[in-house]
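Engineer: Before I ask anything, here is the structure I am working with.
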Amino acid sequence: MAAAPDRAKALEAALAQIDKQFGKGSVMRLGDEVRAPIEVIPTGSIALDVALGIGGLPRGRVIEIYGPESSGKTTVALHAVANAQRAGGIAAFIDAEHALDPDYAAKLGVDTDALLVSQPDTGEQALEIMDMLVGSGSLDIVVIDSVAALVPRAEIEGDMGDSHVGLQARLMSQALRKITGRLSQTKTTAIFINQLREKIGVFFGSPETTTGGKALKFYASVRIDVRRIQTLKEGADSVGNRTKAKIVKNKMAPPFKIAEFDIIYGQGISREGGIIDMGVEHGIIKKSGSWFTYDGDQLGQGMENSRRFLRDNPELAAELERLIKEKLGVGVKPADAESKEDSPKLKAVDGF
């Protein structure tokens, strides 16, 4: 083995050669610079933001949202788009299913006039458009709805009944190899919405799997399993769904956390309902019988009245959301993190 000084000299020479050939900073020591906090895009549900561990969806990463039909996958993605736009970001929606409802998106807070929308004919076209948009460096978030609808050109141009084994999986693998690096460089969040299929002949374990092969499972930094668990009713009328989201994979924080939130028909995720649920759970909002109170003031009798009160008082809703995140250590800004010796060094900022 070479002497320690010789090894150090050889390493410095190699680093100098790499910097000369590939540019300054191509290789660096992790301790040379202070790591920046993780930038996030809020999901619209405080419970889901907390379950993700960093206060939202990480920027510059691949996210997969999957689940059964009508479980709320697109709703979660559209809320993230709306939050990115509110922070001044530019969003794109690759509508491979040709099923985007602009009116519903607008009700969720999406600026549909500014939203970039593409309805591609083939999977190759969809992913090429995405690659060009991300490569521009101007995009903040892009949604692909859905992976199952990214049909390879050969399958579209072929006859019904032709076998096209593995074409979509190869297409996804090639695209993700190419796109992942650009997403990180441009800090663009890519949300892939995916559907469930059942594997034939599975007797042990879950037969469910997602479409598009295994590449997306590997490249995704966060995978969220979204399920509808209950129908919300007012009298005899159905007004929404209770939804459960499980963080199946998380490279940014501990995985397997579960969040529950309400999706109201025509309105999307109930932000105010989530604040009340989390506030009660963590002792910030008091519940006595059917009454909800905060700091001695009554919010309302029953969940619906309390929701309405917070909707009419957005400043109070924002204050409660901030208190919940502070108590749970999620969404702490760098200045706050530095002032607390016991606080973890890596914390998410609240947006951009």
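Glycine is treated like the rest: Cβ placed from N, Cα and C.
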Engineer: If Swiss-Prot is the reference, give me the range from 17-37, 332-352 marked as region 'Disordered'.
Structural biologist: 332-352
Engineer: Within 10 Å of the Cβ of Lys73 (ATP binding site), how many other Cβ atoms can be counted across all chains shown?
Structural biologist: 25
Engineer: Given the binding-site residues Ser70, Ser71, Thr74, which one is most crowded in terms of C-beta atoms within 10 angstroms?
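Structural biologist: Most Cβ neighbours within 10 Å: Thr74.
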Engineer: So if I draw a 10 Å sphere around the Cβ of Glu69 (ATP binding site), how many other Cβ atoms end up inside it?
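Structural biologist: Cβ-Cβ neighbours of Glu69 (ATP binding site) within 10 Å number 8.
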Engineer: Does Gly72 (ATP binding site) have same-chain partners at least 6 apart in sequence with Cβ under 8 Å from its own Cβ, and which are they?
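Structural biologist: The answer is Val226, Arg228, Asn241, Thr243, Ile263, Ile269.
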